[in-house]
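Copied from TrEMBL, the annotated features are:
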BINDING   73, 118, 120, 121, 247  Mg(2+) binding site
Ligand SMILES: Nc1ncnc2c1ncn2[C@@H]1O[C@H](COP(=O)(O)O)[C@@H](O)[C@H]1OP(=O)(O)O
Ligand SMILES: [Mg+2]
Ligand SMILES: [Mg+2]
Ligand SMILES: [Mg+2]
């Protein structure tokens, strides 16, 4: 790999490759049928796929970028341990390596970067068989801001010619754009996407006030942001704590690169430095463009915003 390629671009290229490898681990665990489910908390599960995919991603990125702070969702004592060679992925996606690095990211050093890893987003859906909702998320932040990211969808199916392909990888880089799929314009009417497995009265209240033509209930922050990018929905509303920094870093970076916006329910940006608290306490509000984001933000009653802020 050429070292003349700026660090952020190399890291994104490596992340695209390793996300695909992690996606294969996610499929392999499911085909073996031994999910090894552990309950971390209420409505909060971990499987062998979450654990193994995270070990693969963290070991592979650490081997290549030893000084980058990489934070994964799973509290996994094996993270530091040996990882089989078959999981170590040091390839880098060629298409990404050839991207022009935006000037503001050219001088970035390993010490300036925090990578947020969600090895399997949509674990509830994974255990219940809603496999297309499952994604692998790798978000790259620089000086607390999400600047690049990868959403890999291990169960996405396409036909290319006569060949069946499984899995796809969507990426985004600020000031460059997005790739790995064809973005589509927003739907003509207001279609909202939201949680299917973590709802509560506040979440429902925030949906009621939107006056939406349709509400889609699907799993995972990654999958919902993909729905925005593909023109299946225009706004993602989740007025509840529950998501964490690894859920939103990659989706936010990709959505930004496509001209969209992701904030909390009060309209404030989350920060992604290593010392921030993990939970996104004040929810998620994302939209395909600033106008729709403004519309949704203005619809949410002040009282609901305060309830969430004071939780
Ligand atoms: N109450 C919660 N407990 C644990 N994880 C949550 C909770 N709410 C949201 N999440 C995480 O945020 C993602 C998006 O939320 P939702 O699917 O409900 O819209 C979930 O897939 C889950 O990520 P993960 O599956 O990686 O643990
Ligand atoms: Mg989880
Ligand atoms: Mg997640
Ligand atoms: Mg997860």
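Every residue, even glycine, has its Cβ placed from backbone N, Cα and C.
On the structure: features taken from TrEMBL.
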| residue | record | DSSP class |
| --- | --- | --- |
| 73 | Mg(2+) binding site | coil |
| 118 | Mg(2+) binding site | strand |
| 247 | Mg(2+) binding site | helix |
Check your understanding: Counting Cβ atoms within 10 Å across all protein chains shown, which of the binding-site residues 73, 118, 121, 247 comes out on top?
Key -> 118
Exercise for review: With the Cβ under 6 Å from ligand 4 as the test, give me the qualifying entries from the binding-site residues 73, 121, 247.
Suggested key: 73, 121
Review point. For residue 120 (Mg(2+) binding site), which residues of its chain lie six or more apart in sequence with Cβ-Cβ distance below 8 Å?
Key: 26, 47, 49, 50, 53, 126, 134, 135, 136
Review point. Listed binding-site residues are 118, 120, 247; which sit with C-beta under 6 angstroms of ligand 3?
Key: 118, 247
